[in-house]
Structure formats: C-alpha cells, structure tokens
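Record features, source TrEMBL:
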type	residues	note
TRANSMEM	12-31	transmembrane segment
DOMAIN	76-214	domain 'Peptidase S54 rhomboid'
TRANSMEM	80-102	transmembrane segment
TRANSMEM	114-135	transmembrane segment
TRANSMEM	141-160	transmembrane segment
TRANSMEM	172-194	transmembrane segment
TRANSMEM	200-219	transmembrane segment
Amino acid sequence: MRHDYSAPPINPLPGVVWLLALPIIAMEAVLGLGQTGLVGGAAAEGWRLDAWQRFAFSPDLMRAMIETGTYPWQAMVRLVSYPIVHASFLHALMAVVILLALGKMVAEVFRPWAVLAVFFGSALAGALAYTALPFVRAPLIGAYPAVYGMIGAFTFLLWVKLAATGGNQYRAFSLIGLLLAIQLLFGLFFQGGYDWVADLAGFATGFLLSFAVSPGGWARVMAKLRRR
C-alpha cells in the first residue's frame with residue numbers, strides 16, 4: 001500500500017468557507033480577550049454589548065423602516081451583519097463548527113458565489129421571518145440562520161443524491177428534523193426565544209436557493225429525477 005506523504009493531514013477547507021468563518025472567529029476572539037481583561041482594560045467588559053448595538057438585527061427598527069418607507073443603509077446592513085456577533089463563546093463556537101463542517105461539503109460542489117448567496121440569502125430571509133412575528137422585540141444575533149441555510153444546501157445535495165440512486169429522499173431531512181427537535185426541547189426546558197423561526201427560514205431558503213445556484217440548477221435536478 002502506497003502512502004502520499006506530501007498530502008495534508010486533513011482536507012483543506014475551501015477559501016470561501018474561511019471567508020465566512022474568519023469574521024466570526026475574529027470577532028469572538030476580540031470580545032473574549034476583552035472579557036478576560038487581557039486587552040482593553042475595564043472598558044472591554046462592555047465590548048460585547050457594544051457589538052450587539054452595532055451589528056445586531058432589530059425587528060423593531062425594521063418594522064419602523066417599513067412603516068416610514070425609509071431604508072438607510074446603516075440599518076439595512078444589519079440584515080446581513082448580525083451573524084458575526086454571538087451571545088457567548090460557546091454560542092459562536094457551535095455556529096463556527098457547523099459552518100466549517102457543512103460549509104466544506106457544500107463548497108466542494110457549489111461555486112464560491114453560490115455559497116455566499118446561500119449564506120447571506122439565508123441570513124436575510126431569517127431576519128425578515130423574525131420581523132414578521134409582531135410580538136418579537138429582542139434583537140437577532142448569531143450565525144445560525146445562515147448556518148441553517150448551509151444545512152438546507154447540504155440537505156439539497158443529499159436529496160438529489162438519493163433521488164439519483166433510488167433511495168428514500170425523506171432521509172435527506174433527518175438532520176434538520178433532529179436539530180429542530182433539539183431546539184424544541186431546549187426551548188421547553190430553558191424558555192428559549194423565537195430564534196428558531198429565523199433558523200427554519202434560513203434552512204428553507206438554503207434548500208430552495210440550491211435549486212437555482214447549484215451546478216446545473218433546476219435542469220440537473222429534474223434530469224436526475226426523470227432517470228429514476
């Protein structure tokens with residue numbers, strides 16, 4: 001058996017995945033160092049709150065913009081900036097782990113621009129779905145709606161593969177079903193908010209966008225379904 005000793009010990013991540021993950025990692029590194037007191041002094045303890053105020057998505061602000069018909073870019077950018085700020089180190093860590101794992105698998109099939117479209121399109125859809133809940137006032141933070149978009153794209157790839165091989169296509173949705181069940185249990189026991197609505201919207205957007213942005217798009221999907 002021959003070994004390629006020049007090969008890297010792990011498969012390298014596509015550049016577009018690092019492009020999405022590094023801002024989250026950098027933000028959390030700065031905020032974490034501030035919380036430990038290693039940088040920034042006493043003022044650094046409030047950096048996370050400052051980051052929320054600067055980057056988080058506010059459903060109330062979005063509703064006010066819709067009512068007045070004014071859409072300043074400083075407020076609109078929050079539709080896609082909120083994924084870089086998180087509630088805690090663990091909150092950010094879980095998002096980055098899922099993004100690196102599923103982002104790698106999606107980016108190995110999709111073109112870089114398509115990966116970006118899924119990520120930011122899902123973040124945008126998640127924020128709008130969150131705004132549609134009139135009783136929600138809490139700001140939306142975290143990369144999870146965008147990451148769930150990656151889960152949607154990954155589910156699409158599994159769905160197409162199962163369709164091509166004659167497998168049970170419903171198996172492709174087992175991952176999202178498990179994640180939603182965990183979120184439901186977490187919400188029941190720990191009184192979670194309505195972030196899951198944004199996550200679900202992100203998943204649906206990632207899945208549906210994949211019909212348009214995947215290599216071959218809708219025509220490729222239909223061709224595989226017809227060959228069954």
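Just so it is clear, glycine is given a Cβ too, placed from its N, Cα and C backbone atoms.
Those TrEMBL annotations? Automatic predictions, nothing curated.
Each residue in the domain 'Peptidase S54 rhomboid' (76-214) gets a DSSP state, and the totals come to 110 helix, 1 strand, 28 coil.
Mean per-residue pLDDT, taken over the domain 'Peptidase S54 rhomboid' (76-214), amounts to 88.
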